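The structure appears right after this line, and notes come after that.
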Amino acid sequence: MSCLGRILSVSYPPDPYGSRLSVSKLSSPGRNRRLRWRFTALDSDSSSLDSDSSDKFAAGFCIIEGPETVQDFAKMQLQEIQDNIRSRRNKIFLHMEEVRRLRIQQRIRNTELGIIDEEQEHELPNFPSFIPFLPPLTAANLRVYYATCFSLIAGIILFGGLLAPTLELKLGIGGTSYKDFIQSLHLPMQLSQVDPIVASFSGGAVGVISALMVVEVNNVKQQEHKRCKYCLGTGYLACARCSSTGSLIISEPVSAIAGGNHSVSTSKTERCSNCSGAGKVMCPTCLCTGMAMASEHDPRIDPFL
């Protein structure tokens, strides 16, 4: 429709002197050549505009607008699918490059202001602990988590095995009635030596704590396996040019001592041009993401690999 509208827009206006004169004007060979040349130029312009519009459509088209709206893939044509895959594949690396530059500028600003915060570099998710008053579970405090869980389990076992039966006998709770109940059912008398309330409480608490501990430790270990092996999840490597200092010491000869064999050199400090004074450079394996795999061939992006 856009091509037809452009062709109609370059047609001559109606001749007020009659249709015969206008037909004779159009029938001349010069007019035909000029119109043919205009039509071909318009076709080329329209094709370029269509390609530009398709690129803009591929760049601005969003399949998933948000968590509430998901569009159907079946309605898309093959060319649309290819254009959207290409545009999104390019956007992945553009966003990674933007994140890398933003982090470098953030580190430079923190260095200029004297702010040193190493926790910002470790942005992997933390898991909240199920035990109250404990910090979120990470690989750093995993030993504290082990010690707390084992001490809690040991306390429950001691309470259920020693303290609770002693308190029941002193307070007169259970004991004889439970023994009579076992004897009336003609069950082994060894069962009367175990309090069912204490046994169920201790066994259930220990089982629940152990199961939750195993699940959360497995989550932390899975996150460790997903980290990049080179940068250990930080996304950065130490700059080899400045030895992670962010500055270079350059010595320049100034003058020679009388005799001509020795020269006096002065040193000056300047910011490292390789890392821009940050002391760290981008990890080429994870592209500053800290994850083990960050490319278009990631199984999370391409499910057919």
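Cβ atoms are placed via backbone N, Cα and C, with glycine included.
As recorded in Swiss-Prot, the features of this protein are as follows:
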- 1-54: transit peptide (TRANSIT)
- 144-164: transmembrane segment (TRANSMEM)
- 197-217: transmembrane segment (TRANSMEM)
- 206-297: region 'CR-type-like' (REGION)
- 228-235: repeat 'CXXCXGXG motif' (REPEAT)
- 239-246: repeat 'CXXCXXXG motif' (REPEAT)
- 272-279: repeat 'CXXCXGXG motif' (REPEAT)
- 283-290: repeat 'CXXCXXXG motif' (REPEAT)
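Across the repeat 'CXXCXXXG motif' (239-246), the DSSP tally of helix, strand and coil residues reads 0 helix, 0 strand, 8 coil. Summarised by DSSP class, the composition of the repeat 'CXXCXGXG motif' (272-279) is 0 helix, 0 strand, 8 coil. When pLDDT is averaged over the repeat 'CXXCXXXG motif' (283-290), the result is 76. For the repeat 'CXXCXXXG motif' (283-290), the number of residues in each DSSP class (helix H, G, I; strand E, B; coil) is 0 helix, 0 strand, 8 coil.
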